[in-house]
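Visitor: Before I ask anything, let me first share the structure, which is written out below as structure tokens.
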Amino acid sequence: MKQYEFARHINTYFSVAQNMLFSIFLYYAFSLLIFLSIFVFKMRKALYSLLFYMCICLYIYTPVFMASLKEIEVGNYFICNLKDYPTGNCSVNHDYNKTIKLLCPIIHNKNNSDKTYDPSYCFKYDGIKDEFIINNKQNYIHNTLPGVILKSHIENDTYNLSIYPPFVVKEDITIVCICDSEKGNEGITPYLKINIKKAHGLNNDLEGDYIKGCDYGNNKGKYQFLTKSIKYTIDPICEIHAYPGDIVGINCNNYTTKIQDVSLEPNSCFGMVYFSILTMVFVKTNVNNVMPNAKYYPDLASHHGNQNSKMFLTAYLLIPNEIERDILIYCTCSYNGNKGLAIYHIFSTKED
């Protein structure tokens with residue numbers, strides 16, 4: 001898993017560095033061109049004044065995102081950098097093809113623990129009143145978006161949060177994820193606002209009301225988002241039949257009852273899965289070794305030291321439109337040594 005994780009980090013950092021260096025080059029190249037024009041050519045005073053004014057404006061009004069960007073769109077990532085902009089905010093329209101990331105400063109001694117990003121800091125957006133964002137933290141994010149995934153880890157004294165909305169959203173909704181205010185800016189709440197459109201599958205082509213999948217958290221009613229909500233003590237084996245273009249999911253946690261000693265295995269499912277071809281001999285492998293164009297949520301990079309793993313034990317797999325052969329994969333929900341086995345029969349052709 002580490003080699004895939006390392007490759008994703010390298011690609012992201014390289015793209016960001018490339019964009020920054022290119023912007024810096026254009027900025028100074030244009031400035032240098034203006035100065036050279038002044039000394040090389042004999043120009044009228046009006047043109048001289050105009051170019052000089054343009055040069056001053058460049059230095060004053062060009063955003064200082066050359067060294068530190070607040071909003072970065074690179075590859076399949078949208079990154080809101082509130083670590084370097086502790087009084088700022090970002091806004092983004094959700095796109096399933098992009099991973100949304102939020103960087104927050106860690107305010108030590110602000111809370112009882114700074115070991116993880118507090119998931120209650122993400123909630124339904126109810127607007128701004130008197131220049132303050134309306135705090136709706138008591139409305140837990142799962143009440144608003146069952147099946148949402150928040151993954152966080154700490155890197156360079158910064159909370160690195162990845163946000164994955166579910167594939168079934170009953171109505172247009174806006175959520176916000178906030179950061180703690182730094183000392184001296186207590187009256188200002190930095191936040192990321194995410195606008196999410198009503199969705200019924202990736203392309204609004206979902207058959208039925210839920211994503212195909214096994215929910216060993218047994219969430220039902222308004223919390224249900226997968227087709228099979230079951231208890232591992234009653235149904236230790238859950239089987240799903242899936243076809244090219246389908247989305248499948250797994251969940252291990254219950255949203256209303258705290259379950260002790262629960263984990264998703266592999267912890268990077270569906271990035272890593274147990275795989276077999278028509279036999280019951282399974283090997284652990286990256287899913288892209290089996291289905292090269294498959295997409296999985298969350299991505300492997302989001303599992304790096306994730307501190308919210310006990311609360312968001314959910315994953316999704318987008319099966320490519322074409323696969324070469326029938327395959328069998330599985331992940332498990334582990335409960336203090338007992339397991340719920342989620343088996344996915346993925347067929348190369350859809351049944352008539």
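Each residue, glycine too, has its Cβ placed from N, Cα and C.
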Visitor: Among Cys122, Cys179, Cys214, which cysteine does Swiss-Prot link to Cys177 through a disulfide?
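Guide: Among Cys122, Cys179, Cys214, the cysteine that Swiss-Prot links to Cys177 by a disulfide bond is Cys122.
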Visitor: According to Swiss-Prot, the disulfide involving Cys179 connects it to which residue among Cys90, Cys104, Cys252?
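Guide: According to Swiss-Prot, the disulfide partner of Cys179 among Cys90, Cys104, Cys252 is Cys104.
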Visitor: Quick one: pull the CA-CA distance for Asn156 (N-linked glycosylation site) versus Cys177 (disulfide bond), whole Å only.
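Guide: Approximately 20 Å lies between the Cα of Asn156 (N-linked glycosylation site) and that of Cys177 (disulfide bond).
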Visitor: Taking the domain '6-Cys 2' (210-351) alone, what is its mean pLDDT?
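Guide: When the pLDDT values over the domain '6-Cys 2' (210-351) are averaged, the result is 90.
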Visitor: If you measure from the Cα of Asn89 (N-linked glycosylation site), which of the recorded positions Cys122, Cys179, Cys238, Cys252, Asn254 is the nearest?
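Guide: Closest candidate to Asn89 (N-linked glycosylation site), judged by Cα separation, is Cys179.
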Visitor: For Cys238 (disulfide bond), what is the tally of other C-beta atoms lying within 10 angstroms of its C-beta?
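Guide: Neighbour count, Cβ to Cβ under the 10 Å cut-off: 23.
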Visitor: In sequence order, which same-chain residues at least six apart have a C-beta under 8 angstroms from Cys333 (disulfide bond)?
Guide: Cys214, Tyr216, Gly217, Tyr232, Ile250, Asn251, Cys252, Val262, Ser263, Leu264, Glu265, Leu313, Lys339, Gly340, Ala342
Visitor: List, in sequence order, the same-chain residues at least six positions removed whose CB sits under 8 Å from that of Cys90 (disulfide bond)?
Guide: Lys70, Glu71, Cys80, Leu82, Leu102, Tyr191, Leu192, Lys193
